[in-house]
Amino acid sequence: TSAVVLHSKRLNISGATLGEAGGPAAGLQLRVLEEPRREQVALLAPRALLPGHRYTLRIRYSAQLSRSFYGFYKSTYRSGQGELRVLAVTHFEPTAARMAFPCFDEPAFKATFSIRIRREPKHLALSNMPIVKSVNLTPWLIEDQFDTTVRMSTYLVAFIVSDFKSISKMSSRGVKMSVYTVPEKISQAEYALEAAVKLLDFYEDYFSIAYPLPKEDLAAIPDFQSGAMENWGLTTYRESALLYDPEKSSSYSKVSITTVVAHELAHQWFGNLVTMEWWNDLWLNEGFAKFMEFVSVSVTHPELRIEDYFLRRCFDAMAVDALNSSHPISTPVEDPAAILEMFDDVSYDKGSCILNMLRDYLTDDVFKAGLVNYLQKYSYQNTKNEDLWDSLTNASALSQTDSCRLLSHYHCGPASSSTSSLSSFPFLQHWTQGETVDVKAMMDTWTLQKGFPLVTVTVRGKNVHLQQEHYMKGVESSSTGSLWHIPLTYITSKSDKVQRFLMTTRADVLILPEEVEWIKFNVDMNGYYIVHYAEEGWDPLISLLRDSHTLLSSSDRANLINNVFQLVSIKRLPISKALDLTLYLQQETQIMPVLQGMHELIPIYRLMETRGMDGTDQQLKEYLVRLFRDLIDHQSWSDEGSASQRLLRSQLLLFACLHRYQPCLDKASRYFTQWQQSNGTLRLPADVKPAVYTVGAQTAEGWEFLLSRYQLPAFSTERKDIELALSRSRSQERLQWLLDQGLHGDIIRTQDLPFLLVFISRNPSGIDLAWAFLKANWEEMVAKFELGSSSMAQMVTGVTRQYSTWAQLAQVKEFFSSLEEKGSQLRCVQQALDTIQNNIQWMDRNLEELKRWLHHNQL
């Protein structure tokens, strides 16, 4: 070829030369052709380049620091004395390395990178590798030369020039771990450093592969759009995702920081060492890192009870995956906006949930052996879906050295109901014996088609009839032809031993050894599917919850709460049945079912509140408060208890105050008054701050005082709590001011605008304001956050989530269709439209029955 085509975006290329061994020292001059729409540049040689020859390309270029959060961009912060300080930092994933240097900017083009950075003496430079040499070029300019990297993809390259300070510690195998942050916050770096050392040690042991670099830096960046980024050897984070103040940070903050650090360090193996070949399989990176958070933190930090948060991810993924606008985990993508859109709940959360299901199916040991085999086989290479499935299939085959060792976990044996030795076990009529598990055949059904199955269970005597179909909201018939291989699990009233089998057909019959009062499928919700107990099947489960709810695990209780409301959404159950089930919540004390009950009921209340429903919203609010009143009254306003107890307290008190529960309002008001009178020096328990601040912000004086504290460095770890409180003001003028400041980025950082906009949209005084703001500032937001980013999706779906009228649907359709290539094709727009249509249908179908039920069930 005579043309070399590279990626380049917003770079000013002034010239390029081509050198080869034995050729002229100056090299050949190349013509430069730019194609900005394709983000590409072609370098044209006067004659064809020959196969097998080694050429050196030299490119002269310059660029401005990026004004968004992608590429090589500028970030700022104010010192303790109020001085504005500037730093420069990179964020390249998925397609922004091309904004910093011309390159083959695709994950399969792995290379080594040698980096030199020139800086002033007052700054320090960081990159993926350690500095091997620093040269004083002049009294005011130093060149740092970094060691050459291992083979890796362009999106993992990173560098920072700043005045950060750091603390360090060696891992057990001699890797230097450091946390970097702005100097004033270095005291908040200790927790993340300790967690990072523990987690790196865990992963090296779990994967049986040593971390290949001599150091791992974790840097807290003042302006950062996503939560964190896994650059090899130099992971970057939002400050709130890395910095922890033992005096002021909440329990949730500790859980969040631990899981984010676990996620980024898992990527050093899943993503960095072994990388997906193309962005269609992004889930191989993100689903795994999300899943490994759960595996690692449950071992390194058992006191955090990370398992209490895993189900929430699966429920969140299902909420998106149930829409017609969802996509398969593995989806073809080509342009940068579509690639960015892959960074969503389906790639991350659904990916982690189906991996958890697969681990439960294969057993821990087989699953781990398959992962280790996969990582060792493909180190420094790129992979596709099937490479992982092959490794896991091989591991399952190896595990069957003694008869049916793996499949005894999922009943294997003679497929005949007359076999006396198996008469005490359930089994499928046509279960096949001793076959190696074909992981690819099973998992293709979960990764190559969108959505998930609804399994309908009909019990007739000892016979349990099973049927699977595609669960989808908003369509009259969901017979899409999809079929899944579902690893079903269940317990019954007669046996709490988990029974297992694989359902691979549309319908099947299971024979129990004896009749049972109730049967509960999807034990602990290890499976990514929903279950409907047909005919009268829900009634014994509702009775069980009412009379002896602790006979089921808290995961099973949360699973039933979720499933019953999902079935209302597709007309399989009346709303009254779901509400009958919620009555038991008066006795519930565990975090998962309590928060799941709130998660199902509060959005219904918000739909009513947004519409201003003739008193029904008030009745529903009163029901909600009464449901949880005893639990709220038993909360101490302190920071006592386990991480889960503390998070539950924080959520309950905020819920009670937001829903105007008088005892909560009175207590929060007293706390706020005392805190304000102390000029913010009184130490409030971290877990009650959201409730106290939110109540305090309801007065003009309280709102202004909170804003004044928000701007002080001493309150940096509480900014999210204060933003939430400020967003609950009833003054539209104040809410508008907040949004304008978020866009401006001085008082409120622009990185926080997506959260703030969604917070304000949940406030009845702000719902219309938020939508008007999104429309008016769309182009500026796209420039800051990038089309297709999760930040843009969060705003589009968040602001419109409570819409439930045809007029609102028409408004949203009209605006986005006017955007053409600047947004009309985004998946999040279709998700927003699907959600509004589902809300309209839900209200039309359920409102009258909801009113009747509330009338007859005043607690």
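Heads up, the Cβ atoms here are built off N, Cα and C, so glycines get one too.
Predicted, not measured: the structure shown is a model, and the values here were computed from it.
In the predicted model, residues of the domain 'Aminopeptidase N-like N-terminal' (1-156) average a pLDDT of 95. Summarising the annotation, TrEMBL assigns domain 'Aminopeptidase N-like N-terminal' to 1-156.
The domain 'Peptidase M1 membrane alanine aminopeptidase' annotation in TrEMBL covers 191-397.
Here TrEMBL flags HIS263, HIS267, GLU286 as Zn(2+) binding site. Neighbours of HIS267 (Zn(2+) binding site), defined as other CB atoms within 10 A of its CB across all chains, total 24.
Listed in sequence order, the residues of the same chain lying 6 or more apart from GLU264 (active site, proton acceptor) and placing their CB within less than 8 Å of its CB are LEU218, ALA228, MET229, GLU230, THR235, TYR237, ALA289. Here TrEMBL flags GLU264 as active site, proton acceptor.
Sequence-distant neighbours of TYR348 (site 'Transition state stabilizer'): residues of the same chain at least 6 apart with a C-beta under 8 Å from its C-beta are TRP283, GLU286, GLY287, LYS290, ARG313, ALA317. According to TrEMBL, the site 'Transition state stabilizer' annotation covers TYR348.
The domain 'ERAP1-like C-terminal' annotation in TrEMBL covers 518-838.
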Zn(2+) site shell beyond HIS263, HIS267, GLU286, criterion: Cβ within 8 Å of Cβ centroid: GLU230, GLU264, ALA266, PHE270, GLY271, ASN285, PHE288, ALA289, LYS290, MET292, TYR348
Protein Cβ atoms within 10 Å of GLU286 (Zn(2+) binding site), excluding its own: 25
For HIS263 (Zn(2+) binding site), nearby residues of its own chain (Cβ under 8 Å, 6 or more apart in sequence): ALA228, GLU230, ALA289, LYS290, MET292, GLU293
